[in-house]
Amino acid sequence: TMQTYHGSQHNLLSGIPPSSGLSFTRINIFETLSLEKDTRLLFVLDIFTQVNLTQCNKTQQSNGVPPARLESRRWLILFLFTFYSLSNAYQWIQYGIINNIFMKFYGVDGFSVDWLSMVYMLVYIPFIFPVTWLLDVKGLRVTALVANALNCAGTWIKVASARSDMFWVTMLGQLFSAVAQVFILGLPARIAGVWFGADEVSTACSIGVFGNQMGIAIGFLLPPILVPNGNDMNELAHNIRVMFYISAGVATFIFVLVAIVFEETPENPPSLSQAQARSTCADKYSYTASIFRLLVNKPFMLLVISYGLNVGCFYAVSTLLNRMIIEHYPGEEVNAGRIGLTIVTAGMGGSLICGIWLDKTKTYKLTTLIVYVLTLVGMLVYAFTLNLGHLWVVFVTAGVLGFFMTGYLPLGFEFAVELTYPESEGTSSGLLNCSAQIFGIIFTIGQGKIMDRWGTFAGNIFLCIFLLIGTIMTGFIKSELHRQKANKQAEVHTESVSTFSADV
């Protein structure tokens, strides 16, 4: 008598889980089996095993789910993303770091120039949901092309704004670049998940964030050098125009590269969790339902708020850095840019180290909490030493602050993916960044007003209070590493099938 059962229902096949999708033939023998009959039984089982394994492989191939395998061109895709993220991030801070020069050139107040940075934060909030929907529906390549088209358009519009009566044109160009940022900022975790293996995702995400940080670093460094302070308005206009032409040329070159080279997904999924995600029927996915599941995920929502507090503080410090340094060290616009460069380059090292550490240890919550505590300590030290009158002290404390504050960025992305798997990485990252933009606007305006009335020390202590709140909230996050569990379960299933096949 022959009956078909799922593998786990027969003692000989107990190593095969029901979820593997394999079915086997059971033979009822109503007598004590001799050696000869045992041999015949195993022979029959082997025949039926081969038949079912062949059918399973055909089913997987017909569903378009090839075996997990890494592809070398994943690094090309990652570095291409890094370059266009750099181009966009540079434009965010290029006005703020020479705030006083643009105030004089355009004849506006400091708050108006601050809005050239804050527009990046403001635009992100209403656009993030349609953009993450577009990412889920159309994929990485379309998102990359739209981002670069907008970024390129913004840089060329700003070329036409190098006149003292064209502040509204420069704001329009910055608006285009700000919209482009919405298509960029949340992609590191998505690209890492789609293109990289389970032991590489955190490092890949860190490199993706690295591009944003490098762009900010160059934005701190180059504008004070390209546009030195002076009273000759014609010379200022010429220098500003040169700076804008450089931005436009780089953005155009990267746009062409993306159009030619950037790909949607690798042919083979890079990890077992990604293979599982690909096998999910697309018609069963609901973007609205995904958003709702994220909003009711308590650990994730705690991370959303704590991430927003940390990164919002970074946005405020970066936007107002020129004002902080000039208040205590007049005429040091170039060194203000170098201090900003120190903050971000130190953070790039922190990001990379944290990414490698996560890939090795998988200690997401512990690492995130430690980095958050050290960010708070770094901010306190920076606040208490800024007015000592020694620029070298500011460089050191700013570097320590940057190592942990901006090193936290990829930690938040990767921890969010773990807490929310199998939800889209773009959606979870988008919500994190939305929180950061909201708090960034609040902190930039709030700290700016406090600095105008009570000075930079009070403004920095204002930020320290919210970093303390974020540290406490991080401690309450329940660490549920869903993506790691999915990878381990998939590995166990694969090993079970391989072991059974070898035994048979």
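Just so you know, glycine gets a Cβ as well, placed from its N, Cα and C.
All annotation found in TrEMBL is predicted automatically rather than curated by experts.
Residues 102, 113, 116-117, 120, 144, 147-148, 151, 154-155, 158, 170, 174, 177-178, 180-181, 184, 187-188, 191-192, 195-196, 204, 207-208, 210-216, 218-220, 222-223, 243, 247, 250-251, 254-255, 257-258, 261-263, 318-319, 340 of the same chain lie 6+ residues outside the transmembrane segment (75-95) yet bring a C-beta within less than 8 angstroms of a C-beta in it. Annotated transmembrane segment per TrEMBL: 75-95 (among others), in sequence order.
Taken from TrEMBL, the feature domain 'Major facilitator superfamily (MFS) profile' applies to 77-482. In this model, the domain 'Major facilitator superfamily (MFS) profile' (77-482) carries an average pLDDT of 88.
Cβ atoms under 8 Å from those of the transmembrane segment (115-135) belong to residues 92-93, 95-96, 102, 142-143, 146, 170-171, 174-175, 177-179, 181-183, 185-187, 190, 287, 291, 315, 318-319, 424, 426-427, 430-431, 433-434, 436-438, 440-441, 444-445 of the same chain, restricted to positions at least 6 beyond its ends. The annotation transmembrane segment is assigned in TrEMBL to 115-135 (among others).
Sequence annotations record features per position, and here TrEMBL assigns transmembrane segment to 166-189 (among others).
The transmembrane segment annotation in TrEMBL covers 201-222 (among others). Sequence-distant neighbours of the transmembrane segment (201-222) (same chain, 6+ residues past either end, Cβ-Cβ under 8 Å): 74, 78-79, 81-94, 97, 184-185, 187-189, 191-193, 195, 243, 271, 318, 321, 337-341, 343-345, 347-348, 351-352, 354-356, 358-359, 406, 409-410, 413-414, 417.
The feature transmembrane segment is assigned by TrEMBL to 242-262 (among others).
Here TrEMBL flags 300-318 (among others) as transmembrane segment.
If you look up TrEMBL, you'll see 339-358 (among others) marked as transmembrane segment.
Here TrEMBL flags 364-384 (among others) as transmembrane segment.
The feature transmembrane segment is assigned by TrEMBL to 391-411 (among others).
Positions annotated as transmembrane segment by TrEMBL: 457-477 (among others). Long-range Cβ contacts of the transmembrane segment (457-477) within its own chain (Cβ-Cβ under 8 Å, at least 6 residues beyond either end) map to 299, 302-303, 305-307, 309-310, 312-313, 316-317, 320, 324, 365, 368-369, 372-373, 375-376, 379-380, 382-384, 386-387, 415, 419, 439, 443, 446-448, 450-451.
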Worksheet entry | Folded-back contacts onto the transmembrane segment (364-384), same chain, C-beta under 8 angstroms, at least six residues removed | 306, 310, 313, 350, 354, 357-358, 394, 397-398, 400-405, 407-408, 411-412, 414-415, 418, 457, 460-461, 463-464, 467-468, 470-471, 474-475, 477, 479, 481
Discussion item. Counting a contact as 3 or more Cβ pairs under 8 Å, with residues at least 6 apart in sequence, do the transmembrane segment (300-318) and the transmembrane segment (391-411) touch?
Written reply: yes
Worksheet item: Counting only residues 6+ away from its ends, which parts of the chain sit with a Cβ under 8 Å from the transmembrane segment (242-262)?
Response: 76-77, 80-81, 83-84, 87, 90-91, 94, 140-141, 144-145, 148-149, 151-152, 154-156, 158-159, 161-162, 222-223, 226-227
Fill in: Same-chain residue ranges lying at least 6 outside the transmembrane segment (391-411) that approach it to Cβ under 8 Å
188, 202, 205-206, 208-209, 212-213, 307, 310-311, 313-314, 317, 325, 329, 332, 335, 338-339, 342-351, 353-355, 358, 364, 367-368, 371-372, 374-375, 378-379, 381-382, 385
Discussion item. Same chain only, please: residues at least 6 beyond the ends of the transmembrane segment (166-189) with a C-beta under 8 Å from a C-beta of the stretch. Say none if there are none.
Written reply: 81, 84-85, 88-89, 91-92, 95, 106-108, 112, 115-116, 119-120, 122-124, 127-128, 131-132, 135, 140, 143-144, 146-151, 153-158, 160, 201, 204-209, 212, 410, 413-414, 416-417, 425-426, 428-430, 432-433
